[in-house]
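Asker: Please see the structure below; I have some questions.
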């Protein structure tokens, strides 16, 4: 590019996945849900019992293999090697069990099969085995899908307005504070949400996923909340019996630590799907279902996309069509990108960088100054 010379160097290829901070449009989309659906191959909406069970069987085989190796071979390893082997087991088993969690999540959306009773039976068994109250979470998660992006009615990771921040927020707005916040979020966030509704929608009284008479649930849902609690208690009792038979250390090593990995991934995946500098949130004056459903972002977890059954990189499609099985979601995502255009958001930043950036940039939401659309809120970080 010298003086008087000719510019013959081709422009460098764009990488939008690493330049994805441009705001998603917040005006009403020029397309409807039915128009989006027409662009998706019809087979994507077909649920197969055999195919759904094949993914579950695959996960069970891997989980059983890891368990067999850990319990039969690790005790015989010399001590330096065991310090490496157990963390590898925890990470790998935690990833596989996260995939099992995702299949249970599909059951809650009636995306596993055409039979509601089968979906609920499989989902109850799988989620209970991971200490998740299946029906309780199914109903609160359904309301999340019905109210995504609403500051008043969304169920989880509802951002605060600046006026709603606690006094200690400014003390955590620094690298050590962010590290501590992320650590607490990934380790304790899921049980705190289930037990105390932390980071959930504010209710006028105490809300808990284990309380059949809590404000989260309606009268017709209460019996199934009891069933969810019974499932969790049954697994907790089985773990107690295992502790008596095998010891606390054995149960923590084989089951407890992988469960912590599952919980951490669950929180991270959900947080990063709904927290991004480009995504708007809406109050009741502006919110509608379509714009809320589009206020989500697909992410790239590398090889873990497949391990997690693509819940990570097909989340936009999932919010539009939640009964679609995961094994069709990639085809559907590719099909909807052209019609969604700028309304589709993908961020390929490595997730370990993304969670740090979002923790730094997305502290609260406020409307733009002087913006006539005061019902549209954007993430900010200036305290």
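Using N, Cα and C of the backbone, Cβ positions are placed for all residues, glycine too.
For 86-345, the entry in TrEMBL reads domain 'Fatty acid desaturase'. If you look up TrEMBL, you'll see 1-20 marked as region 'Disordered'. Look at TrEMBL and you will find 55-74, 86-105, 177-196, 225-244, 250-272 tagged as transmembrane segment.
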Asker: Below 8 angstroms Cβ to Cβ, which residues of this chain, lying six or more residues outside the transmembrane segment (55-74), approach it?
Answerer: 82, 85-86, 89, 92-93, 96-97, 99-100, 103, 122, 126, 253-254, 309, 326-327
Asker: Under 8 angstroms, Cβ to Cβ: which one of 86-105, 225-244, 250-272 has the largest number of such pairs with the transmembrane segment (177-196)?
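Answerer: The stretch with the most close Cβ contacts to the transmembrane segment (177-196) is 250-272.
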Asker: Who are the chain neighbours of the transmembrane segment (250-272) in space, where the CB to CB distance is under 8 Å and they lie at least 6 residues beyond its ends?
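Answerer: Distal contacts: 67, 70-71, 86, 89-91, 93-95, 97-98, 101, 130-131, 156-157, 185-187, 189-191, 239, 242-243, 297, 299, 308, 311-312, 351, 354-355, 358.
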